[in-house]
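Chemist: Quick one: the structure is below, and I'll ask about it shortly.
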Amino acid sequence: MVILFLPETLRTIAGNGSLRLSGIYKPLVARFTAEQPYMQDPDETVQRRKVTLITFIEPLRLLAEKDIVLNLLFGGVVYAIWSMVTSSTTNLFKSRFGLNELLLGLAYLPNGCGTIAGSAMIGKLMTRDYKAAEVAYKLAHNLPPSYKVPAKDIPADFPIEHARLRHLPWIASLFTVSTAAYGFSLAYPSITSKPGWIAVPLALQFLIAAMSNAVFALNQTLVSDLCPGKGASSTAINNLVRCGLGAVGVAFVENMITNIGSAWAFLGLALITVAMAPFAAVNWYWGQQWRAARTKRKAKTEE
């Protein structure tokens, strides 16, 4: 679908939509339809970056940075656990509650609503925290009220890690508790057979989805902050790590539930989250130091 219909939208390549596209930037369907009269050739002085093998390898270089790797691993594990909860829903709810296909589909609604709620909530919290950190930074450095911290050149002494990770402890804690409780809420027929009990695991799914998506947003935003000017690379490597870990988790979750039961399977996943918590703590205490060192190295190479 992307190859067929989606044109390139990057402004340096497509401008405001009036620049004539070619090669991989032009969708196949556009090759067989009439061109709009306002289309024009791009300025020859603007060099479009060529797509080479290095283009695909470049994001992997970010894995050499300690703070970025720790962020990616923590976020990737949370993503994998959420994926395992989601992928196992059909079999678990069908066997525990005897739902038909229609009701099984409706059982995914709390998960979907949770993703929306979590993303909306953390977006507002991150905006507020960033503004508070910016105000404190301006006061500490006697900067004018109109000063804005440049997003693409964040000062080495600006505490962006603290601004982004401030709410992570309670979010990760609620995610961990909800994941552990979710497995037990589906483990025993004596409770799953009670009228209305299905609302309990569904409510826990809502919390798991909300908290995990809040972690995703925090994770992606911080990784992008740590990679100024490399938004595409940071997104690509984040997706690679998350989807890779998610694929591994989804492949094993059904066997885990079958072999040790849902209670111990999801308790184990919750404990894995606890085991990964030091990664976030290390970033809180040493992330700014590593970022400053990276900025210094970059400045030396550009001299």
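The backbone N, Cα and C atoms fix where each Cβ goes, and this holds for glycine too.
Whatever TrEMBL says is automated annotation, not expert-curated.
From TrEMBL, for reference:
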type: TRANSMEM; residues: 68-85; note: transmembrane segment
type: TRANSMEM; residues: 105-123; note: transmembrane segment
type: TRANSMEM; residues: 170-191; note: transmembrane segment
type: TRANSMEM; residues: 197-218; note: transmembrane segment
type: TRANSMEM; residues: 239-257; note: transmembrane segment
type: TRANSMEM; residues: 263-286; note: transmembrane segment
Chemist: Could you tell me whether the transmembrane segment (68-85) and the transmembrane segment (263-286) are in contact, taking contact to mean 3+ Cβ pairs under 8 Å with a sequence separation of 6 or more?
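Modeler: Answer yes: the transmembrane segment (263-286) meets the transmembrane segment (68-85) with 3 or more Cβ pairs below 8 Å.
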Chemist: When you look at the transmembrane segment (68-85) alongside the transmembrane segment (239-257), do they share 3+ Cβ pairs under 8 Å, ignoring any pair fewer than 6 residues apart in sequence?
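Modeler: Checked: the transmembrane segment (239-257) vs the transmembrane segment (68-85), in contact.
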Chemist: Apart from its near flanks, which chain residues at least 6 from the ends of the transmembrane segment (68-85) lie with a Cβ under 8 angstroms of it?
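Modeler: 62, 111, 172, 175, 179, 182, 205, 208-209, 212-213, 215-216, 218-220, 222-223, 226-227, 234, 237-238, 241-246, 248-250, 253, 266, 269, 272-273, 276-277, 279-280, 282-283, 287.
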Chemist: Which bits of the chain, at least 6 residues beyond where the transmembrane segment (170-191) starts or stops, bring a Cβ under 8 A of a Cβ in it?
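Modeler: For the transmembrane segment (170-191), the list is 78, 81, 85, 92, 96, 122, 197, 200-201, 204-205, 207-208, 211-212, 214-215, 218, 261-267, 269-271, 273-274, 277, 280.
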